[in-house]
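A.B. asks: Pasting the relevant annotations from TrEMBL:
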- 10-66: domain 'RabBD' (DOMAIN)
- 104-224: domain 'C2' (DOMAIN)
- 239-368: domain 'C2' (DOMAIN)
Amino acid sequence: AAMERDREDSLDLGHLTEHEQEAILQVLLRDSELRRRDEGRVRSLQETEVNPVRLRTLSGSWFSEERSKRHRSAKPGADLVHSSIRRRNMMSLFSSGEFGSVEVRGRLQFSLVYHTQREELLVSVCRCEDLATARKNRSDPYVKAYLLPDKSSHSKKKTKVKKNTQSPVYDQTLKYKVPVGELRGRTLNLSVWHAEALGRNIFLGEVEVLLASWDWACSQPQWHPLQPRVQLSPDDISSRGIIVFSVKFIPQGSEGGGLPLTGELHIWLREAQGLLSIKGGAVDSFVKSYILPDAGRQSGQKTRTVKHSISPAYNHTMVYDGFHTSDLREACAELTVWQRDGLKTRPLGGVRLSPGTGQSYGEDVVWMDSTKEERAVWDAMMENPHKWIDASLPIRTNILLQNN
């Protein structure tokens, strides 16, 4: 009878893709963290609030009591999904923490070659050694590859499964078509999995390679230790790619001298590289710019939307006039990258170019928070009038947490 009730309190999640399952797990982890924080808040209230009526109101216990009266036998939604996921053995998507997995050990041998003329990346997966055992003292391992940030089915490639071995030999080549201009923004993810016939495959370890720092002169196979999968929430992602642009300041001049009556700030938005979307995979994106403290409609400009691209080329120039040289020490050029999904748009992150003083015209402002690299671009522009200053900067996500 208990088993029958357990089945009734579960959801059929078998139709979900691996990416959808990962997204659900991230939401559950976030929900668990929020519950933990709220429990801490309630404990603090119980220690400080002596009025029981006020405590009942502030702690939210009144709501829990009313809900339990209306839904006496209903399991909370998050708990229902959580238990269903456990039943589907989706815990193997993570290598540590709440969802559990086997111990990660061993190493993977592979080589990389890029053919510039064919614009083709060749990933030669050679072999593994000393892998962990997954089920009943055996492992049936295979290697899966993604060319991140694309986690779509187009990016996913696999080797053959090798039965009952901890040192499989593959000698297979996985091929990716990728333009040379996109290589710097890509990360190759190679993960090793145990193939489970009647359940979820089990994670055995992974290697991630930033192609921007790879030594392309070395074409011989190299050994790399397998690493545990890092458990990330959306809040842990500090950057969603690289934005490539140039800026130039033209000072004010006299009429007839070939210079504008007031100074002009030019922003040439070239492209983004390795754009990490909210859902993963290719994205429809555009860039929006403001010159703060002016956050009004006249200050806002944006590029066209570039569809279905991880490394979109915008090639759009914004021009702002009415500047004096002294204004540049009080202003901030904010460039944000946005994802378009149907009629909805969501910010992915951006950069802020400014002196980074924390103040504008004597007032404390949160948006004057440029990083060292962002400040260097702004300073170079002010010190070199009439010249384009080229820059490639991380699309940071922490500017989304602040209000202008």
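Glycine too: its Cβ is placed from the backbone N, Cα and C atoms.
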A.B. asks: Would you mind giving the whole-number mean pLDDT across the domain 'C2' (104-224)?
C.D. replies: 91
A.B. asks: Please work out the helix, strand and coil residue numbers for the domain 'C2' (104-224) from the DSSP assignment.
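C.D. replies: Reading the DSSP string over the domain 'C2' (104-224) gives 9 helix, 60 strand, 52 coil.
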A.B. asks: Can you count helix, strand and coil residues in the domain 'C2' (239-368) using DSSP?
C.D. replies: 5 helix, 75 strand, 50 coil
